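Below: one structure, written as structure tokens.
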Amino acid sequence: MSSSAIKIRNALLKATDPKLRSDNWQYILDVCDLVKEDPEDNGQEVMSLIEKRLEQQDANVILRTLSLTVSLAENCGSRLRQEISSKNFTSLLYALIESHSVHITLKKAVTDVVKQLSDSFKDDPSLRAMGDLYDKIKRKAPYLVQPNVPEKHNMSTQADNSDDEELQKALKMSLFEYEKQKKLQEQEKESAEVLPQQQQQHQQQNQAPAHKIPAQTVVRRVRALYDLTTNEPDELSFRKGDVITVLEQVYRDWWKGALRGNMGIFPLNYVTPIVEPSKEEIEKEKNKEAIVFSQKTTIDQLHNSLNAASKTGNSNEVLQDPHIGDMYGSVTPLRPQVTRMLGKYAKEKEDMLSLRQVLANAERSYNQLMDRAANAHISPPVPGPALYAGMTHANNTPVMPPQRQSYQSNEYSPYPSNLPIQHPTNSANNTPQYGYDLGYSVVSQPPPGYEQ
């Protein structure tokens, strides 16, 4: 075995290590770099190793190998694409689909990879074997194929409003049927006790069932039916089982939602609405939780007794104690409810952390906008002499900076010194009056034409 083959083998085993719980893209790119050094020989070597890894029983190895295959097809040229689209390799992939020992989750992962490769190879007729394999999977195992993502049609006027209303009606009817079946089951349990009350309830439901639908049909959350991984900046990526909080409808078949602090749009055919609990169900849940919390003292006492017995070595005496048996018998039935409560509060914690992240992002964006607005209103600085250096007017005269106003420090004089002083006399009493030549004779008297 050559040194290059040894390097490829070691790199591939590292990238498809069963201990990896997710794809390590650094390891995958290392394999791609080694293959690109000699696509002819190294390509055959890596495909031989990939085929052996796909025959392993470890699902983790197969998942990592599928990711490596996609990366090789996208980064290592036409020679690797020919090998991946060969009849031998496509038959190996279909064998995983047909195998009864392969879990359905792994089969869906294989189907997703086949679809991705089929879309990548569709422009090359020589690679149509991968497209034929995907068509075969759709015929033989349609349950493995995810629905196509709908196009983003803008909502305009009446036509889009009617489509939105039809979609809302469909969601409302699905929720109403679920609630109706639940009510029928509850009525069947109570029929043996109170038959007249059951008849009255049927009459009330038959009289006005449609009036109760809108109050129960507000879709606030949806659950993902499939995995969706996207590179679009405005789209939301999620995994099967994730609960997405609905924010608004952006397109006809796309809604906007929030998940783990991220916001984006998602296709409606990838999710299903979550039935919001009624007031009665919420009250029952609170009562069950209250029962669990009321047993806290008993649980602590049992825990302390068992710990003390394990330290002293008196386990046999503790097991024979009827009080310990009674406490154990009262605590054990609470385990399913405790498990549900742990999941519930873990989800609430995740929602609160997601909301905190959304608020932090919104606050950061708001502060950035406020800073930009404040900077836009700041007046530009006054240009200094350096700005005018080298500038000339149209007549080639240099442009000089504006001169500063000079302030003289002369002493203050109450009267101007350059006005001639006159000494007229008042015609009434011949007393001399002093004034300045301002256009009338005496400053102390009003000017001519002035009316008091």
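Every residue, even glycine, has its Cβ placed from backbone N, Cα and C.
The compositional bias 'Low complexity' feature in Swiss-Prot is assigned to 197-207.
Taken from Swiss-Prot, the feature compositional bias 'Polar residues' covers 393-433.
Across the domain 'VHS' (15-145), the prediction's mean pLDDT works out to 89. Here Swiss-Prot flags 15-145 as domain 'VHS', drawing on sequence analysis.
The annotation domain 'UIM' is assigned in Swiss-Prot to 162-181.
Marked as domain 'SH3' by Swiss-Prot on the basis of sequence analysis: 217-276.
In the three-state DSSP assignment, the secondary structure recorded for SER2 (N-acetylserine) is coil. If you look up Swiss-Prot, you'll see SER2 marked as N-acetylserine, on the strength of a large-scale study or a structure entry.
Taken from Swiss-Prot, the feature phosphoserine applies to SER162, supported by a large-scale study or a structure entry.
Taking all protein chains in view, 10 other C-beta atoms sit within 10 angstroms of the C-beta of SER2 (N-acetylserine). According to DSSP, the domain 'VHS' (15-145) comprises 104 helix, 0 strand, 27 coil. Mapped onto DSSP classes, the domain 'SH3' (217-276) shows 3 helix, 30 strand, 27 coil.
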